[in-house]
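The Zn(2+) binding site annotation in TrEMBL covers H402, H528, H532. What TrEMBL lists as compositional bias 'Basic and acidic residues' is 1-11, 21-33. Per TrEMBL, the feature compositional bias 'Polar residues' maps to 34-46. TrEMBL lists 1-53 with the feature region 'Disordered'. Summarising the annotation, TrEMBL assigns transmembrane segment to 349-370, 382-400, 412-431, 443-462, 474-491, 503-523, 529-550.
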Amino acid sequence: MEDSDKGLFDRFDDDDDDDSDNAKNDTMEEEQKNPNNKDNGQQVSRNHPPLPPAKAVALSMQFMKSLSGLCCQECVGFKDDELSLLKHHKDNNNNNNTASQAPSELYNLQSLQRRSVSSISPFVAEPMMTMPSADSDAATATNSSRTIEKLMGEYMTLCQFYKVPYNSGVLCTLRYRMPSLRVGNSFHDTDMLALTELLLRHSNTHLSYIKRLDFTIPGKEGKRFRSMKCGFTSHGALALAKTLQYTKHVTQVWLPKHRIGPYGASALFWACSTNSTIEHLNLRRCRIGERGAFAFCELILNEKTGLQDVDLSANVMGHRGTSAIETALQHEGSTLYVNLEGNLVIPEIMNGVTHGIGVIVCLIGGYLLSDLVKDSSPVHKISCTVYTISLLVLYLSSTLYHSFFTLQHTKYIFMVLDKCAIYILIAGSYTPFMQILFYDKPIWSSGLLSFIWLCGVLGIAVEAFVPTWGNRKYFSLAMYLGMGWAAIACMPQMYERLPRTAMNLLVMGGVGYTAGVPFFVRNNNMDHAIWHLFVMAGSIFHWLAVYFYVAPQPLRGWEEA
């Protein structure tokens, strides 16, 4: 890297592909104490910004052909008729253009055939290898098949130079002028070098039709084709960043699940900060870590960037990294949307552990409760079963939701189930109280209980079918509190039929659920795990009331029925 490239990138090691998994908190704290240190890894003073990286220049085709051993005519060994055809085509080009081409401008495909067992005939491939004339019209050349042949031939030359196989996605894009360059199969750092060389030459001219660079497939399928890890690393990201500094037509860059680390991410952020044409950037699960988050705050949030949507989900940023980005977005008043889901690893683990314990407790409590009412009436059995199932659904869906926090689509499914399970638990908690205590009072056993279950069905419908409603969160919170405290309507009758201890347990359970709401709303760092503890406390109080005071009671009027 040139001297002018040094600055922010100096803070990252060359072998940082996996360093986001081994973050050194003590080093970060020491750097915070010395903000004036030139090599501070957390942030660089905005008063003394690092020097911008130098723009890359494409290598000459003559240089690459000469190093590949494909430019020397003495090693060609053409047959007489093949050599005559090549010479005739070269003479025609010389007559149409001013200067004669050097021997290196002719791509020796027969030599390539001996080296790579290629089945392409020189009669077909040689016209693809001639470089376009300097004074040709760009618009006309782009739409011509001649230009397509030259671009494909140049890409093949680059692949041979870097000793990488041809990528089917790149060839399809060049052949059919597709607006989305979607690379296929395996794609690693050296493959990226071949592609970026081509983009450095033609991204603003013959390849200006390419609007999206999509590296999604190799991030998922790279292992199937080589004995290597999926995707490319920070070196490939750096090569791509050099191209993004130069291109004027690419608007979307997708490279999820590539191990670029904070170094590669910083290079991409720097390129996007100086290129106003890039609008969408997908870096999901790229292991950029906390340092990558700080680099994002420093480089992206400025007036020059044209980014509108950035996906930084599941990048192990931690609470400090995500908080830094959220604070910076609010401070700058930016309209940029940044997806930060799945970055709170420790909090999500704690969320899963807390309600995972709840699942175990539910199984034990369900067994004890079913054993208690095994000789009771069907109303007792059904009511207690509904209550146990509602508890189990809530804790199991919550555990799965927080356990799969890095799997985007799976997490969304369990998130909807988690939200719906809250309504199920509230309605299920009412069931034994209304059915057993007020069996002889239809206004409560049928009227109030039916109203609660209808509210639960309405809430479930909103959560499942109207997920994009802007006021959904406030609606859900109001429904939770309203349904939970609707029991006040029959509280005097409960006092008549339950001892004071049972009423205390019932009220304490309601207070336990309600007291955790502020942590649920704030949702900062470990707040959601604290909310889980309050939910568990409320569930335990209500279960004790059901087990000791509600389930043992006989049904009033059951004998007459």
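Here the Cβ of each residue, glycine as well, is placed from N, Cα and C on the backbone.
Here the binding-site residues are H402, H528, H532; the one with the fewest Cβ atoms within 10 Å of its Cβ is H528. The Zn(2+) site, placed at the center of the C-beta atoms of H402, H528, H532, has further neighbours from the same chain whose C-beta lies within 8 angstroms: P347, E348, M350, N351, G352, T354, H355, S398, A529, W531. H532 (Zn(2+) binding site) falls within a helical segment according to DSSP.
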